[in-house]
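Working notes for the structure below.
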Amino acid sequence: MSRVIWIVIDSVGIGALPDAEKFGDSKDVSTLGNIFKEYPDIQIPNMRNLGIGNIDGIDFFESIKEPIGCFGKCKEMSQGKDTTTGHWEMTGIIVDKPFKTFEHGFSKEIIEEFEKKTGRKVVGNKPASGTVIIDEYGEHQIKTGDVIVYTSADSVFQIAANEEVIPLEELYNMCKIAREIMMGDNAVARVIARPFIGKKKGEFVRTSNRRDYSLDPFEPTVLDNIKESGLDVLAVGKIEDIFNGKGITDAIHTKSNMDGVDETLNYMKQDNKGLIYSNLVDFDSKYGHRRDPEGYKKALEEFDSRLPEIMANMREDDILIINADHGNDPTYKGTDHTREYIPVMIYGNKIKKGFNLGVKDTFADIGATVADILNVKLPKHGSSFKGDLF
């Protein structure tokens, strides 16, 4: 039977959605498009061969005559532009009410409860860039042991701790405490551990030991349907965290995009059946939020250079799906995600070549198609386009 290798290139949007301005974004945001404008020499030949430049509305790449895959783009139906919302929608959940955000920081009651249960004082408690806030409070934390708490435009409760001051296990335990607190009326989509190292301002750097503590999905996803059918759901990167482990049969966390590709390949080489579901987060975390278009461009080129290896390790019936989960235009103001169309590229030995899938009304169509390919129950939301692929 077919096996699906599903890779999320985190935040690689391809242009503003019609409602982008309602989410605080300009109609000119385009993660990939604006990177191309700054770096027209970007080399992503393998994604171009898959048809990324042939997607409707993409005018910054020349289209190619004979793409080797199917290609298209999806709108987001959910009310959000974050990781949780994007991944949940692509697996069949429409988030019709935005997750709660805390634009002025967390209430006195929340912070006092957190301090009481963790035994540590809080500093920060405001929306901030993660790299900026560790510079602001990193030295203070070394002196006092106080924990840095902050949020963003997303629905997140983030805890930053120097690994040399607060051990990782304590940081992770504090996140579990925060997850218990941030429920009900105060429910945030994710509590995030943000460990870093360094001795003084200007030298603090995040480590790769991040962990996300998500809400449980509101209803069954495609992942649950695949697992319940007795197939594998193998999660690479932060996929396990995004779904709080629901619908996952095995998982591995990763240190970088290239580590994510390596672990995806490791799973591909094993005797399994079902779904390998990978998230490559560096595009978003290292380059999108930090507004680093040059770094983003290099990361895209690095991923693109690994695609031949991924394709070479596919079995006869394997199907490769590559898509994003939202945008994060590194040329745009601020540090937050951007609400964009996402690209979809699909490849396999038995898949049509050069077929334009057009524009899909929801990310959930991707998950419905994955379910259909694997002959399992379709999710509540989304329409399969499997019939267009063969």
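Keep in mind that glycine also has a Cβ here, set from the backbone N, Cα and C atoms.
Some features that Swiss-Prot has for this protein:
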- ASP10, ASP325, HIS326: Mn(2+) 1 binding site (BINDING)
- ASP284, HIS289, HIS337: Mn(2+) 2 binding site (BINDING)
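Structural mapping of features recorded in Swiss-Prot.
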residue	record	Cβ within 10 Å
ASP10	Mn(2+) 1 binding site	24
ASP284	Mn(2+) 2 binding site	27
HIS289	Mn(2+) 2 binding site	20
ASP325	Mn(2+) 1 binding site	29
HIS326	Mn(2+) 1 binding site	29
HIS337	Mn(2+) 2 binding site	31
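DSSP assigns HIS289 (Mn(2+) 2 binding site) to coil in the three-state reduction, placing it in neither a helix nor a strand. DSSP gives ASP284 (Mn(2+) 2 binding site) a helix state. Rounded to a whole number, the C-alpha distance linking HIS289 (Mn(2+) 2 binding site) with ASP10 (Mn(2+) 1 binding site) is 12 angstrom. If you measure from the Cα atom of HIS326 (Mn(2+) 1 binding site) to that of HIS337 (Mn(2+) 2 binding site), you get 7 Å. Across the fold, the C-alpha of ASP284 (Mn(2+) 2 binding site) and the C-alpha of ASP325 (Mn(2+) 1 binding site) stand 10 Å from each other.
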